[in-house]
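Visitor: For reference, the structure I am asking about is given below.
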Amino acid sequence: MEDVTLHIVERPYSGFPDASSEGPEPTQGEARATEEPSGTGSDELIKSDQVNGVLVLSLLDKIIGAVDQIQLTQAQLEERQAEMEGAVQSIQGELSKLGKAHATTSNTVSKLLEKVRKVSVNVKTVRGSLERQAGQIKKLEVNEAELLRRRNFKVMIYQDEVKLPAKLSVSKSLKESEALPEKEGDELGEGERPEDDTAAIELSSDEAVEVEEVIEESRAERIKRSGLRRVDDFKKAFSKEKMEKTKVRTRENLEKTRLKTKENLEKTRHTLEKRMNKLGTRLVPVERREKLKTSRDKLRKSFTPDHVVYARSKTAVYKVPPFTFHVKKIREGEVEVLKATEMVEVGPEDDEVGAERGEATDLLRGSSPDVHTLLEITEESDAVLVDKSDSD
């Protein structure tokens, strides 16, 4: 507010000479009337003027005091308004930080959800492939059961008809016997190979006919043996042992695929759990969790009045300058039994698990305060509570 200047204008009185000079000239009757009053009238006028002056001065003092008070209140209001502006600015800064944190968390959550969707799609595809494999295995088992039930295999072997000549000369038969490969010679039994001594001996017509019959018989036996071998091969291919081996192989392959899928699912689950734990530690810090845990324990104790009270003694130090007070609180109760820790050998798998846990604890330690500072804070708060109770 601006300073207001007050101008006091005094009204002229009829008794003063200023009034006679400024006003109109009085008549002769009025002049006589003015000349008539004695010294008593002039004294009364002076007293009334003094009283009016004192009143005006007191009013001026009051007005000046009110103006000063208004100025003081205005200055206090300006200071409060400046403090309010600072508080509003700090609140706006914290709100902007909170918005940024929420944006980052929403981005991480959206990325996690996308990864979870991809994992679910992969799991669905793996399940579909496993179901298809199971259907194929069932079909194979059904076909195998039908084949084992039948156990009768009819194999048709088609061969070109070889027209053998009615008569063969000994020279041709000898040439053919010499031209036979060693492999075919191994297949032939005893008595099938023609004797080498016949080349040197001249044979008669009866002996030539006998040699031709022996050659024809050897060829027929060879064809029979090759057919029997093929039938044996087919039987071996569709035998019980081979079918059982194929069953065992298919089962082993199925078990391997199932184990691989289980391992992959467990790995994905572990990775998701790790990421969710990291996100949880980011959203809810360790201090907050400890506070929630202690509050839960206190609530449980409050609802269970018969809980065990352990004996303890605490020393709290608090300073009231220029004094320092050491307060020792002793609580009676049962002696707390500390659990003994056992040393356990750690293997390579435990080392991996310990490394993962160490990473998690390192992340937690980065944001958690020291234990000593927490204990000092609790002791100071307990000391303040004791002071308040003593003062009450």
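Each residue, glycine too, has its Cβ placed from N, Cα and C.
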Visitor: Among Ser14, Ser58, Ser205, find the residue to which Swiss-Prot assigns the annotation phosphoserine.
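Guide: The residue tagged phosphoserine by Swiss-Prot is Ser205.
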Visitor: With Swiss-Prot as the source, identify the stretch among 168-188, 210-230 annotated region 'Leucine-zipper 2'.
Guide: 168-188
Visitor: Among Thr73, Thr198, Thr324, Thr373, which is annotated phosphothreonine in Swiss-Prot?
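Guide: Candidates were Thr73, Thr198, Thr324, Thr373; Swiss-Prot attaches phosphothreonine to Thr198.
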Visitor: Summarise the region 'Nuclear export signal' (54-64) by DSSP state, stating how many residues are helix, strand and coil.
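Guide: DSSP classes over the region 'Nuclear export signal' (54-64) add up to 11 helix, 0 strand, 0 coil.
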Visitor: Return only the integer: C-alpha distance in Å from Lys118 (SUMO2 cross-link) to Lys328 (SUMO2 cross-link).
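Guide: About 61 Å separate the Cα atoms of these two residues.
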Visitor: Rank the recorded sites Lys118, Lys328 by the number of other Cβ atoms within 10 Å of each Cβ, and give the residue at the low end.
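Guide: The recorded sites Lys118, Lys328 were compared, and Lys328 has the fewest Cβ atoms within 10 Å.
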Visitor: Quick one: what's DSSP say for Lys328 (SUMO2 cross-link), helix, strand or coil?
Guide: strand
